[in-house]
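Asks: Got a structure here, written out as structure tokens. Questions coming.
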Amino acid sequence: MCDTKDDAQKWKCETCTYENYPSSLKCTMCQASKPLLNEDIFRLSPAQESCTVAEEAAAVEVAVMSPTPSSTCYSLQPQSQARQSNVADSEKWPCKVCTYLNWPRSLRCVQCCTKRGGEAIERGKKDMDNEADGDRAGEALQALRISGSEENLANKPVQLIGATASHRLSLSRGIDDATHLNNLANASHNQSQSQHRQPVLQQQMQLQLQPQQQRESSSSAAVPPQQQKQCYVSKWACNSCTYENWPRSIKCSMCGKTREREISGSQNDLHASSSLNSQEENQQQLQQPNVDTVSVNNSFNKKHIYQLGSSETINNCDTLQERQERRQRQIRRQVDWQWLNACLGVVENNYSAVEAYLSCGGNPARSLTSTEIAALNRNSAFDVGHTLIHLAIRFHREEMLPMLLDQISGSGPGIKRVPSYVAPDLAADIRRHFANTLRLRKSGLPCHYVQKHATFALPAEIEELPIPIQEQLYDELLDRDAQKQLETPPPALNWSLEITARLSSRMFVLWNRSAGDCLLDSAMQATWGVFDRDNILRRALADTLHQCGHVFFTRWKEYEMLQASMLHFTLEDSQFEEDWSTLLSLAGQPGSSLEQLHIFALAHILRRPIIVYGVKYVKSFRGEDIGYARFEGVYLPLFWDQNFCTKSPIALGYTRGHFSALVPMEPFTRIDGRRDDVEDVTYLPLMDCELKLLPIHFLTQSEVGNEESMMRQWLDVCVTDGGLLVAQQKLSKRPLLVAQMLEEWLNHYRRIAQVITAPFIRRPQITHYSSDGDSDEE
């Protein structure tokens, strides 16, 4: 218990009623400020000054020696000891602001808190925060044994390390706050006097500052560099699990992996260099003459708190994020960047990147994996399993699709080898010949039309190939998925055994490009057996709709109004105009999908009916019905005269947004050149599997109900023995260019068949005779 003689002069705390010593500016129990209402602001006697300075020195000594200031009582030094060390007034230094004479060891003015030879320090609300931060930092430093052992603290009580320096600073700031209030009243009165004494005071300050700076440098130099080096915890990170291990650990504490010497050595060198740099910085600070003890220790404390904080941050770092970054770096080193650059080239429309990948023998059918998508780091643009063709279709790269599709020319599963790929020169000649057959009707309907008719069919010579070769041919020619989907119950194709078997009119689904040009490709395949790669048919379609728009718009609008009334809703004229402009723009854009109106216009360009067999419902990826397809039916060239058109139709198939050409197989008797029949006939059903007539599209209100009679007018209709209404498709002689293309295509498979079926010729065994006669007998 602290004893004192003047218990009657103690002041009572207004918060906790604890009686504090007169020199205490804050309550020892609750840290509440001392009430200053009863103080005399003009009391500036020498006795009070000496007492104040003595009390300040005692408070500083208590702050330095006590480890926890809140747990012990502040034992003040007796005032008699302070009076014994009185110094003459000539040795005191006056404050340049308030002219108060301060003791030589005081670094700041007791009255106005002005720094000795500098400006007033900041005061305010940060005192409590600094004190609390100092306590926490002091505990952390003591826990890590940064400030040394207890014996060192006992032998060197002047060392100001960690929380003691910050706590002493907070106490001095608390004393300065109280004295600053007393100075506000007479600051203006003393300001004029201080101006006259300024030159004399500056000389005294320079003389008194030299011994003070020596004491400050000696006190700050008491902190050895060994203690500074101990502040940095140099743990090493495991390369496998990223666990932070202690420096002396040979193996990882988590996974048991041996520490790599090269990495650890580099880390130790790094920590050693950082510690040496910190020692050099401390030596430079100690050599500077104008640095006070408080600022040196505060900077020392803050620096080591930052180092400890950084080590704690390393120990508690987000290991998941580091593992992901490390995994991405490994992926970037292992993946094929030429392939990934090609994928990015399709997305970013970089033609050269795709061309560079294909020129080096890259496979256009290669699909993306999850690892490669992680390396690309663009999940919104790429999906697992996507190829360059998928990306080109998704991002509408119409100029890249022909190049990618041309690369699909090898053999193997999923690789297509259509006749136009085997004989590209002949296919180009066929497209050029077709372009020359297009004409424009000048009188009447200004519509493009073809001058010659052709119908494509698979050659009968396929039956002469071996069965394995036939299977390979069909795999590389047909679209098996579309064929299966059209024949799946309820079937839309080859559902009548009478038509397929007895009448030999089975239809095959040809593969074509999976793009928005599939309708035009299928129309060209059904007639000439090639793709519309030069967009000849698309340009003719766009020109026809623009030049004959007034004729097509009237019938299209009436048909759409009729379909809307069947679904019990109506459309406004503005909606019709908007939809019509959309249809016109789609016709002129290569790669864009086409609608029913475009099939109706194609029937006029080809001058023949078009029969579409398709699914009735559009399904999602999960197999759920999401809407009506409405493409199945008969499209007649109603704007032409019947005598101007042929009655031999072509057949197309529709499956979930994709059109395919439906072609028959030529009868085997066609190979015989002595036959009398010039044309072969294929029978196309005009009824569905439920024996209902196929709808005729774009009929007016007056024409509805006369579907069968209109079919008989525009088609060669007959009825089978089973009562099915069918249309006759005439197969005439092949055009010369088409025959040459098919012959070259068949020769490819004939060569494969010869290699497989050729007999194995064994080499004759040659007998070698020795020159020795005895060995010959043996």
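Just so it is clear, glycine is given a Cβ too, placed from its N, Cα and C backbone atoms.
Predicted, not measured: the structure shown is a model, and the values here were computed from it.
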Asks: To which residue among S217, S593, S770 does Swiss-Prot attach the annotation phosphoserine?
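Replies: My reading of Swiss-Prot gives S770.
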Asks: Cα distance, H658 (active site, proton acceptor) to C518 (active site, nucleophile), nearest Å?
Replies: 6
Asks: When the zinc finger (5-36) is classified with DSSP, how many of its residues are helical, how many are strand and how many are coil?
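Replies: Its residues fall into 3 helix, 6 strand, 23 coil.
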Asks: For H658 (active site, proton acceptor), name the DSSP secondary structure in the helix/strand/coil scheme.
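Replies: DSSP assigns H658 (active site, proton acceptor) to strand.
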Asks: Across the zinc finger (232-261), what are the DSSP residue counts per state (helix, strand, coil)?
Replies: 1 helix, 6 strand, 23 coil
Asks: Can you tell me the mean pLDDT for the domain 'OTU' (507-665)?
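Replies: The answer is 91, the mean pLDDT of the model over that range.
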